[in-house]
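Everything below concerns the one structure shown next.
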Amino acid sequence: MDKLLIAADNALRTLFARPRAAQPSPARGLPEGDLSPAQRREAGALMRVNHVGEVCAQALYMGQAAVTRDPALRARLMEAAREETDHLAWTAERLQALGSRPSLLNPLWFAGAFAIGWTAAQVSDAASLGFVVETENQVARHLQGHLERMPPQDAASLAVIERMQADEQRHADDARAAGASDLPAPARVLMAAAARVMTATAHHI
């Protein structure tokens, strides 16, 4: 019960409170780019997708941490979630700077990711960590695509994405080192398909 109450409190904070970063944003000190209205809209849409990804990361780690009985793994998951809070704050700042907004479907994304994390952790800690590896690898590839699509004048957003990509890859490496099992191919395919639906929807809504 305590774990569920903590998860509910974290969900409310993630979805409705202003996130506070423990580390300064990589965008700090960088000038805002001279973007056309179309470029600004596209940069905002891309950053909204990234913000959704961080909402989902929070939910995924919380769902896993609520289930695992291994204190060391729980601490590892919560530390990763704290780093994702930095990402959440940084992407929220970029959304505001670009005159954009978070996805209106964030509660839905959060609920789905929490359920996935909870379910994966019910199987085994190794499967749970395998889910982290695959998720973070997919996010890192997705961020690489955003580095290529983001208007080059938006140095602030590019700096944030580059840092996030490095952090996500490190999370994947840490999870593998902690004993992650490889997910079966059908699970990876389903995850990629779900990610495509999420990113396409969040780009607009």
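Glycine residues also receive a Cβ, built from the backbone N, Cα and C atoms like all the rest.
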Swiss-Prot Fe cation 1 site partner of E84, H87, E168, selected from E42, E54, E134: E54
Fe cation 2 site partner of E84, E168, H171 (as recorded in Swiss-Prot), chosen from E32, E136: E136
E136 (Fe cation 2 binding site) versus E168 (Fe cation 1 binding site) - Cα distance in angstrom: 5
Rounded Cα-Cα span from H171 (Fe cation 2 binding site) to H87 (Fe cation 1 binding site), Å: 13
Alpha-carbon distance [E84 (Fe cation 1 binding site); H171 (Fe cation 2 binding site)] in Å: 10
